[in-house]
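The active site, proton acceptor annotation in TrEMBL covers E192. Residues or ranges marked as Mg(2+) binding site in TrEMBL: D55, D94, E125. Among the features that TrEMBL reports, 3-methyl-2-oxobutanoate binding site is placed at D55, S56, D94, K123.
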Amino acid sequence: MSTTDKTSKKKTVTVTAPTIQAMKGGEKICCMTAYDYSSGMIADKAGVDLVLVGDSLAMVVLGHEDTLSVTVDEMVHHTRATSRGVKRALVVADLPFMSFATVELALKNSGRLIAEGHAKAVKLEGGVPVAPQIKAMTDAGIPVMAHVGLTPQHVARFGGFKAQGKSAEATRALIEDAQAVEAAGAFCVVLEAIPVESAQLITESVSIPTIGIGAGNVTDGQVLVYHDVLGMFDRFTPKFVRRFAELGEEAVTALERYCDDVRRTTFPGDKNTFYMPDDQLAQVRKIKVKAKKK
Ligand code: KIV
């Protein structure tokens, strides 16, 4: 049995936002995105602590160029499906682009993700500018995960999916962002695509856990996109991704074998076929059918 089998798979206690918050500086927090019943169930069975229904679903599930066009309705739909598959992990749903532009919108849309999608917390992108939204949602009883650094909803302003925080000034700004979201009530914060040195400083400057994606191994936890980890998204693979399987290739090979078997009539076989009960067979053979004219 590997270390992973021993440490995480046996955990059974339900994970809550306070559980994640209390893991600061302790065992690394393992987070993974998922977008439906089966991916949620698989991530949960693997012992992931936090399942994020990320707005990355726009790209890896819905095939959009970026994350900007996914709607609140779509997020609710996928969160609801994912929640059905997850028993232990904390389910967090992303607030899509512009769905939290004001405090009122943030409250309305996070309320939908919780009440209709059955998420147990929400995530939003941004630092200092979204602190009022984080405070309002937290005050309303909704746990909030924040996200700073490369925030894909700001891709137009960044001029592409580019690493952030690559100067002392930018690192100071990120520290301010992380401290602002903590002060507003966030229970953890994602740090995306920033130098490991900045991630280290941010992790030391806040008392909530930092969850890295492209932020080195100094953060309190890690998150990756399900399709990237399993080798199921081929458009591009960011530098910070490690593919732990090549399921995309395996799936194509399996479906090619299926097509071959159908064409050679070796599928379905005996084991996949229903047969008429013996006592009906003689009667069935007497049925006359008229051949259809072509
Ligand atoms: O949408 C997403 O999947 C995310 C994670 C990569 C952090 O925001």
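Using N, Cα and C of the backbone, Cβ positions are placed for all residues, glycine too.
Note: TrEMBL annotation is automatic and uncurated.
For the residue listed as 'active site, proton acceptor', the nearest of the binding-site residues D55, S56, D94, K123, E125 in terms of C-alpha separation is E125. Across the structure, E125 (Mg(2+) binding site) and S56 (3-methyl-2-oxobutanoate binding site) place their CA atoms 12 angstrom apart.
The local packing around K123 (3-methyl-2-oxobutanoate binding site), expressed as other Cβ atoms within 10 Å of its Cβ over all shown chains, amounts to 27. The Cβ of D55 (Mg(2+) binding site) lies under 8 Å from the Cβ of T67, V70, M75, D94, L95, P96, F97, P152, Q153, each on the same chain and at least six residues away in sequence.
Here the recorded positions are D94, E125, E192, and the one ringed by the most other CB atoms within 10 angstroms is D94. Listed in sequence order, the binding-site residues among D55, S56, D94, E125 whose CB lies under 6 angstroms from an atom of ligand 1 come out as D55, S56, D94. Cβ environment of S56 (3-methyl-2-oxobutanoate binding site): T33, T67, D94, P152, V225 lie under 8 Å away, each six or more residues apart in the same chain. Other residues of the chain with a Cβ within 8 Å of the Cβ centroid of D55, S56, D94, K123, the 3-methyl-2-oxobutanoate site, are T33, L52, V53, G54, L57, T67, M75, A93, L95, P96, E125, H147.
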